[in-house]
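Visitor: Mind looking over this structure? Questions follow.
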Amino acid sequence: PFLICFMSLFFVSFRELLLSVALGQVLSLLICGIGLTSKYLSEDFHANTPVFQSFLNYILLFLVYTTTLAVRQGEENLLAILKRRWWKYMILGIVDIEANYLVVKAYQYTTLTSVQLLDCFVIPVVILLSWFFLLVRYKAVHFIGIVVCILGMGCMAGADVLVGRQQGAGENKLIGDLLVLGGATLYGISNVCEEYIVRNLSRVEFLGMIGLFCSFFSGIQLAIMEHKELLKVPWDWQIGLLYVGFSACMFGLYSFMPVVIKKTSATAVNLSLLTADLYTLFCGLFLFHYKFSGLYLLSFFTILVGLVLYSSTSTYVAQDPRVYKQFRNPSGPVVDLPTTGQLEPSVTYTSLGQEAEEEPHVRVA
């Protein structure tokens with residue numbers, strides 16, 4: 001019986017591990033689709049419209065998720081959410097827009113290799129923000145997995161240099177590198193906020209409010225910065241199909257990412273996305289006749305090993321001192337907690353939705 005129990009637990013854990021890694025790779029494939037359609041638009045049709053492309057995605061989010069919030073009743077209604085925390089979602093929307101814009105803009109100033117390497121800066125940003133604001137605590141195996149993933153990314157960048165795939169102007173490189181670091185920092189902020197919201201509020205609320213504020217502000221940015229570029233686009237059915245493909249991949253990424261973040265974490269998702277450039281490269285071998293190097297395969301499997309290591313054990317949430325107040329009698333004795341099983345200390349905050357005068361809600365799991 002002990003062996004049977006052990007084997008069943010092993011297979012359940014192994015299945016969960018594979019599921020976590022597979023979900024992240026679905027996101028990477030969607031980013032691959034985004035990269036390929038963007039490359040065709042910019043290089044084959046000279047349609048340099050990154051803000052317009054993001055605007056189409058935000059409009060889709062608005063039509064699907066914001067309208068869903070609008071027809072809901074009670075506290076989950078759009079107006080009720082806006083009344084309580086509109087300014088927080090407005091800031092988050094601006095962060096999301098500018099994160100996308102800064103990284104795309106960086107390609108005009110620096111090389112592809114620099115963008116790939118510096119974009120990894122999002123990982124320490126997410127780890128630090130998760131540590132201090134979500135109270136996530138990591139084990140040694142998590143840090144080992146992270147280091148292995150970054151080594152795999154470095155291997156890919158080295159392969160790019162060896163085969164001469166350092167695309168990008170490389171002029172004003174410092175400006176381009178700073179833009180990438182700024183974009184990676186904003187991505188980290190956006191991902192950690194997303195994790196908090198989907199765990200404590202809801203996925204539909206996050207996507208609906210992003211759709212509302214991002215479509216508004218990206219529309220303004222589009223009118224100011226890209227209206228002339230749109231007039232230059234040689235519109236035909238092929239360009240239209242590429243815009244549809246880009247929007248579908250982007251919408252799928254935004255819709256599916258909260259599901260994966262809730263299942264895993266913002267850190268695990270960003271580690272999974274390191275393989276997106278490799279999927280794009282493998283497609284480029286056939287579509288754009290890129291040169292191949294064995295280091296690309298080594299890089300891919302190194303990143304996957306790092307992902308498996310990171311996902312092999314769960315993180316936990318540190319216990320906040322305020323928790324103890326919930327179980328302490330003011331007159332003296334401490335109330336014993338139920339001991340039905342071994343519990344890992346964790347707290348869940350819902351202060352994003354609390355009024356100023358309310359006591360912050362804390363739950364022990």
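Including glycine, each Cβ sits where the backbone N, Cα and C put it.
I grabbed these lines from TrEMBL:
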- 17-36: transmembrane segment (TRANSMEM)
- 56-74: transmembrane segment (TRANSMEM)
- 116-136: transmembrane segment (TRANSMEM)
- 143-162: transmembrane segment (TRANSMEM)
- 174-192: transmembrane segment (TRANSMEM)
- 204-225: transmembrane segment (TRANSMEM)
- 237-256: transmembrane segment (TRANSMEM)
- 268-290: transmembrane segment (TRANSMEM)
- 296-318: transmembrane segment (TRANSMEM)
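I'm curious about the neighbourhood of these features; can you describe it?
Guide: Within the same chain, residues 80-81, 204-205, 207-212, 214-215, 218, 243, 246-247, 250-251, 254-255 sit at least 6 positions outside the transmembrane segment (56-74) and bring their C-beta atoms closer than 8 Å to a C-beta of that stretch.
Sequence-distant neighbours of the transmembrane segment (143-162) (same chain, 6+ residues past either end, Cβ-Cβ under 8 Å): 112-113, 116-117, 120, 123, 127, 267, 271, 274, 277-278, 281, 293, 295-296, 298-303, 305-312.
With a threshold of 8 Å between CB atoms, the same-chain residues lying at least 6 positions outside the transmembrane segment (174-192) that come near it are 92, 95-96, 98-103, 105-111, 114-115, 118-122, 125-126, 129-130, 133-134, 168, 261, 266, 269-270.
Taking Cβ pairs closer than 8 Å, the transmembrane segment (204-225) reaches residues 51-52, 54-55, 58-66, 68-69, 76, 78, 81, 89-90, 92-94, 96-97, 101, 194, 197-198, 254-255, 258 in its own chain, all 6 or more past its ends.
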Visitor: Out of 17-36, 116-136, 237-256, 268-290, which stretch has the largest tally of CB pairs under 8 angstroms to the transmembrane segment (296-318)?
Guide: 268-290
Visitor: Which residues of the same chain, at least 6 past either end of the transmembrane segment (268-290), have a Cβ under 8 Å from a Cβ in it?
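Guide: Cβ under 8 Å, 6 or more out: 20-21, 23-25, 27-29, 31-32, 35-36, 39, 116, 120, 122-123, 126, 145-146, 149, 152-153, 156, 163, 165, 187-188, 191, 257, 260-261, 296, 299-300, 303-304, 306-307, 310-311.
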